[in-house]
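What Swiss-Prot says about this one:
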type	residues	note
BINDING	Trp10, Leu46, Glu67, Arg124	S-adenosyl-L-methionine binding site
Amino acid sequence: MEPDFWHARWQTKQIQGFHEGKANAFLVKHFPRLPVAPGARVFVPLCGKTRDIAWLLGEGFRVAGAELSRIAVEELFAELGVVPEVTTQGAHTRFSAPGLDIFQGDIFALTPDTLGPVDAVWDRAALVALPKDMRARYAPHLVALTDTAPQLLVCFEYDQPLLAGPPFSVPPEETRTLYGADYVVAAIDTAPVPGGLKGQCEAVEHVWLLERA
C-alpha cells in the first residue's frame, strides 16, 4: 500500500470507516483501564483528524500523533481551533501546540528520538489501516517506537474476501501473534458494527488492552 493511496483518500475525502464525528465510544469507556493519569503523553498512530485527540486533550492528557497526510493534519488543527507551530524534525514535519505534537510523514521513518517519550498508545485506526504484510512490520516498529508503552487497541474482524479494505480485518489470533511476545494481551470488549462495515458486510470490533509482559 503506497503513500499515494492515502494522499488520494484525503484529497477526495474518502475516509469512511476511519473518521468519526465524535470521540470513539470505546476510548471513552475503556481508556481509564490504562495505567496513566492526566498529564501523561498518549501516542495516536495514523491519527488523521480524529476527534479522539480533542477528547484526550479535554481529559488533561498530552497527545502525540503520527499522520501521513498534511491535509488531515491541517484539518485537525483547524477543527481544534488552534494555530500550530510548524517545524521540520528529522524526516517529518512537526505541528505543535500546547500539549499536542503531530508528526506528519511516514510512520515507519519516525524514530523514538523524534517522537519523544510516550506513556500509552491509543490505536483505533492504525493497525486496521494496513494490509497483513505491513501489519507484520508495524507492530514491532510501534513497540520499539514507544518502548512497549501500554496500548488500548481496537480491531475490526470480518470476512476479508467480502471487502477489499482498508480498514482490514484483524482477527484475534493475529492480534495475539503480533503482540503476545511483548505484552499481556487481554480482550476487554467486543461489539457488532451497526449496519455492517461501510454498509457492505457484517463485522465486529474487538477491544484489546495490551500491558507490558
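Every residue gets a Cβ built from N, Cα and C, even glycine.
Long-range Cβ proximity for Arg124 (S-adenosyl-L-methionine binding site), meaning a same-chain Cβ under 8 A and a gap of 6 or more residues, is found for Asn24, Phe26, Leu27, Thr50, Asp52, Leu153, Val154. Considering other CB atoms within 10 Å as the measure, the emptiest surroundings among the binding-site residues Leu46, Glu67 are those of Leu46. Reduced to three states, the DSSP call for Glu67 (S-adenosyl-L-methionine binding site) is strand.
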